[in-house]
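See below for the structure under consideration.
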Amino acid sequence: MKLLLALLLLGVAPVHSQVVFSECLAGWYKFSEQCYKFIGYPRLKQAAASGYCQTNGATLISVNDLQEQAFVIDWLEKYDGARDTWLTSGYVTTLPEGVQWLGDGTSSTSFGWHSTVDKTKLEDGDIVIFSYSGTQYSWSVGDGGKNSSFICEIPLQDTYKIVEEKRDFDYGLAIDNPELAPRGPKFMKEPVETTILSKTTAAYLDCLADGIPKPEYSWWNGEGDTWVQLQTGPGTRFTMTGGRLTIDNPKDSDAGNYQCRATNQFGTILSTPVALSFGSLGNFSNVATAEVNGQVSDGAVIECPTITFKPAVSYQWHKQKSPHSSMTFIRPEVQTHTFVSNSGKLYFSELAPSDDDIYFCSVTLTSRGVTGTYIGSSQGEVRTSLGFRLNVGSGVSSEYMPVIQDDFVKVYPGNPKRGQIIELECFAYGTGSLDYRWFREGGKEMPRTATFSETRRVMTIEDVQIEDSGQYRCRVDSRSTSLSDEKNFTLNVQSEPYFSYPLADQHIDLGSRLTWHCEARGIPPPTYRWYKDGQPLQNSTGVKIIGNTMVIDRVEKERDNGMYQCSAKNLYGTTYSSAQIRVLEFKPTFTKQPVDSSLSAAVGGNITIVCNPEAAPAPTYQWLQNDRDLGLVQGGAESNGFQMLLNGNLFITNVNNNHRGKYTCKVTNTQGEASSSGVLRIFARIVISQKPGNVEGNSNETATMICTASAPANVDVVYVWTFNNHIIDFNRQVEYRMGSGSTSGNLIIQGLQYEHEGRYTCEVTTGMDSETASAYLTVKGPPGEPSGVLQGDNVGQDKQEIVPGERFVRLYWSDGLDHGSTILAYTVEFRTNFDRSWRVHPDADQIQTRFVQSNEYPDKRTILLTKLKPWAGHEFRVKALNRYGIGAPSLPTIVIQIPGTAPIVAPSGVSGGGGKVGDLTITWRPLPMEDYNGPDLKYVVHWRTKPNSQADDSRWQDSEVTPEEACQDIPDIEKGLISVCKHTVLVGDEYFYLPYEARVRANNVYGAGVLSNIATVMSAEEMPTGTPRNVYSVSFNATALDVYWTPVKNTREEMKGRLTGYRINYWDREEEEEEQARFNIIAIPPGKDNIEHGLIIGLVPGHWYVCNVQSISSAGYGPKGEDYPQETANYAPALYPTEVHVYSIDGIGVQVNFRGISTNVAEEPLMGYMIQYWPSGENIRKARNMDVGRRNYGTLTNLTESVLYQLRIFGYSRGGQGKRSSPSVYFTVGEGQVPFNPETTEVMAGGSLLQSSLITLVCSLLLSTLLAKLHKH
């Protein structure tokens, strides 16, 4: 028997009383107490298939036991001759081989997989389908993004939902247009994750909700279940305009999670919580990076030094022979043997002598690859590393086959999420020109948004989807060697939850039972929570919540009216779906849909007389002919040619003259009764008994135009449909199709678009006779494009409206078609002759309709746009928004030229330093051309010695430079060319490493611009003279020495700059000279001023080494200290402990026993053992260590129940850490947490305190699959 919660409803409201059915409806198959429908057409993707089922109150199938599995397989084997694949609601979970069923919220073990399925390779989120394996149907992993057949399932007791009608907010009200009916709030726009990349005067978070009456907004700050309402208005930095929250002069303390709440008299809804954060970019270390050596014709890679950043950076490389020589930027599109990876590494497929140079890595703070809104300057902060040399040695010129490097294939961002722009990189070493090609395994097509760049070494997928997951292959062919290499890569796209079919409003009869089901997709799969009016819902009397399902046994007005939300949450975020419950109770009425007053039928034909009143609770039906009760029962059998259908309609078969007359439908409920009548006339010719009526449908949905003919049973009837007087060609116009069976005359239009709106005519003909009837189809959706966008007369300055000197323009436009829903807001976008990308203007980001009313021209909309770019030509376009979404943009305006002015934006990013002794180098970011504000732009660079006090008014010096003189273009992976400006002033050798103040302003023909902030810049450093003294070293272990010294003074006098670290030079005393010395750079850690020791590693055990030490500044290395010889220790233990056993000690923890090890003469004597243990799935670096000395046992305490631990043991000596025991031992505290197999698992017990029932030991091979799944989860 199916579990109680075969959870159903999403988008269908119970209208009729819950009739008890003993059998499934036509087209549905019964098993146990469930009904199933096997749908081979239309073939749909999983999300669309789920929505198809739910429009009938059903869900995709959930298979709960072997008996149900057998029923499905039996049906498929009998009726599916094509041996198709069939979608279910199941997906793989972290349970061992387990399946979660979205249809009813249950889970089951793996009783249905085909024997050929490798269950160890199943991954979270894999879609479960039925497929034919060659001998039988069984489960396998399918592609939810592929059109397939599918199976719907509904409990027998809920099949009344299949025949019920849809209700809207006008149901039961004296309102014809649902758009005008009172209703609760619904979000049209929700806030998005926002990161502030640089200093800005204001940050914005937007939300917009529709509702009647208009909702009121509030903003909250917090996380989890703890939220505090923000105080806005005077005296705060927070301002609320409609649903927009403005944060003036945002500070780091403003970072956190924000949520918008919309409320009207019907209830409250919560927006998706979003994070407001601040971008940051650290600094490169001032310690020089070691040189990289390579040979001609070999491949090579150099790494960008580590730097901290948030949220993302882009990388660029350049090379420079000396500080005074020109920079050469690495251009992979030109120098095709080079490649700059998103990791920051610079790769060479084969080195050439010209690659021998000093290289610099530059990083720019950016939002690339991260979703959300980013506020701040259009050009992020930039940092450039110290230079380091790539030495290219001479070698024998050879030809090498292509070899794809170990780093590749690589995806960026590293954990791709649905909706992001991702890049897959492939790179190979090899000789000559290399050709790259990409393939998708399994014969699948490449994603529709896939593009290629960097000579096809990079495949970019925009708006990546879960369906794009799978295996890809990169192949590299060498033209010169005719050899190739290839490598596969598995792309796993993660996703925050998204609702494949949003909750629908419920207009439900008082006392009815409601089963409400919300279904969201996400990887990893989401968990669910329900809310009412913004508060979490819990189980209570009459209301039961289990996972993604809420069941109300009998709805009540006071308790159940309100706004509801289902939230779906996983690792990547929380998403809400909102809907309203209206509990209805009123007497029946035929005001909106009376019985057709004039009815026609043909002798020998059939006719259905529709009775469709509004009533709550659902009424009982009674049919009368000429005021005589026909004695029919709803859903009952035929009687004298009459039958009352389940939905209350009257069906008359084999019509004759005795059937003519007046027919009355009388309906009664607890609140009263009503009736409506029509007269049936009988003709000897064909007639249309059910004529098409005017239909309204939403864009991208499906609409049905009804047409049913009444004709003698022995006459063939042909249906012909025309659209605006043109015959519909069903072969060419595939969005149209005809119904089947008793609805064969109906016209079904799938994927409604605006071009489908118009007049449809149904013609029925027998060849001798015909009749036609017409109706109009209205398509609702996002608004049409606004028209007539034009500039007002007041261009320039208007002191009465805005601050004097600010440039602005007033726009006017007319509304386009509203497509069935009131326009709620407008967005204005602009572009300039300097930047051709369309951007939302900050003054007009979804501005509500009431703010753009024109008093002068009531039929037009208007807005004043400020903060325009002087001296730039602007184009504007307008988009409108209604409850269905954002419409298409208008045509752009003509170019509107804004008058020029002195520069109003100050240069940013003023900094500097470096260069040769005697130089003061000042750098800044250049202004974009949009901010030139006039012709003949020049930069004026100001500098002075830093004042010793505020009273010190040292005289500023300045120098004027043009952008051409000061700025250099740098190719950037994301933005194309960016610029960095630099000006160098000679201050004299004696003024090395002194603080100066610098600032920059821009001037043009209109005057002087705004000064930048003052920055402190140090003049260039001189070579350091400080020498480390008293150098000595001690053995750290077999392969490392710890070197000590007396630090140099970190002063300007001794270092001639700033001490950044030390260089330890070392060489083998017996086999090497000092010229062959290797070195290790020891950087001073952040927060410290100096250090006195450092490690050198990678040495040979038992060898003598000589070392000395030098100080380092950004100018170079200081003099070497004295030499010091030292010998490394002998080898660490080569053996590892064995026979590791774990025992439970009641109330204390666990005891670990093991067999110890011995050492030989080449190894240092054993000092003791270390037991390492850590939660499985975490990195071993987080392991806790217990030193047990030379004992071969130890007791572990403070363990957490139900946590699976991993344990290994090693011996140690002066030579270092020995090998760890292998394989790992796994244990957990808490009974029944890990499967126990007595054939493969050894449990030890001894003494009265040892209880094996609490500890289960499992070898690593047995648990590898489980651990992988636990780790992913």
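Quick reminder: no glycine exception, Cβ is built from N, Cα and C everywhere.
If you look up TrEMBL, you'll see 31-153 marked as domain 'C-type lectin'. Sorting the domain 'C-type lectin' (31-153) by DSSP state (H, G, I as helix; E, B as strand; all else coil) yields 26 helix, 45 strand, 52 coil.
The domain 'Ig-like' annotation in TrEMBL covers 185-277 (among others). Over the domain 'Ig-like' (185-277) the predicted model carries a mean pLDDT of 90.
Look at TrEMBL and you will find 285-371 (among others) tagged as domain 'Ig-like'. In terms of DSSP secondary structure, the domain 'Ig-like' (285-371) contains 3 helix, 35 strand, 49 coil.
Annotation comment: TrEMBL describes 402-490 (among others) as domain 'Ig-like'.
Positions annotated as domain 'Ig-like' by TrEMBL: 497-582 (among others).
Secondary structure of the domain 'Ig-like' (588-681) per DSSP (helix as H, G, I; strand as E, B; remaining residues coil): 3 helix, 47 strand, 44 coil. The domain 'Ig-like' annotation in TrEMBL covers 588-681 (among others).
Across the domain 'Ig-like' (684-778), the DSSP tally of helix, strand and coil residues reads 6 helix, 45 strand, 44 coil. Residues or ranges marked as domain 'Ig-like' in TrEMBL: 684-778 (among others).
Marked as domain 'Fibronectin type-III' by TrEMBL: 795-901 (among others). When DSSP labels each residue, the domain 'Fibronectin type-III' (795-901) comes out as 3 helix, 40 strand, 64 coil, counted as helix, strand and coil in that order.
Within the domain 'Fibronectin type-III' (906-1022), the DSSP-based counts of helix, strand and coil residues read 10 helix, 58 strand, 49 coil. Look at TrEMBL and you will find 906-1022 (among others) tagged as domain 'Fibronectin type-III'.
Remark: secondary structure over the domain 'Fibronectin type-III' (1027-1131) totals 7 helix, 51 strand, 47 coil, with classes taken from DSSP. What TrEMBL records for 1027-1131 (among others) is domain 'Fibronectin type-III'.
For 1136-1232 (among others), the entry in TrEMBL reads domain 'Fibronectin type-III'. Under DSSP, the residues of the domain 'Fibronectin type-III' (1136-1232) split into helix, strand and coil as follows: 3 helix, 55 strand, 39 coil.
Per TrEMBL, the feature signal peptide maps to 1-17.
Here the domain 'Fibronectin type-III' (1027-1131) sits apart from the domain 'Ig-like' (497-582); fewer than 3 CB pairs are under 8 Å, leaving out pairs fewer than 6 apart in sequence. Counted over residue pairs 6 or more apart, the CB atoms of the domain 'Ig-like' (185-277) and the domain 'C-type lectin' (31-153) come under 8 Å in fewer than three pairs, which marks the two as apart. Most Cβ pairs within less than 8 Å of the domain 'Fibronectin type-III' (906-1022), among stretches 31-153, 285-371, 402-490, 497-582, 588-681, belong to 285-371. Residue counts for the domain 'Ig-like' (497-582) under DSSP, split into helix (H, G, I), strand (E, B) and coil, are 4 helix, 54 strand, 28 coil.
If you count C-beta pairs under 8 angstroms between the domain 'Ig-like' (684-778) and each of 31-153, 402-490, 497-582, 795-901, the highest count goes to 795-901. Using the rule of three or more Cβ pairs under 8 Å, pairs at least 6 apart in sequence, the domain 'C-type lectin' (31-153) is in contact with the domain 'Ig-like' (497-582). Between the domain 'Ig-like' (402-490) and the stretches 497-582, 588-681, 795-901, the greatest number of Cβ pairs separated by less than 8 Å involves 497-582.
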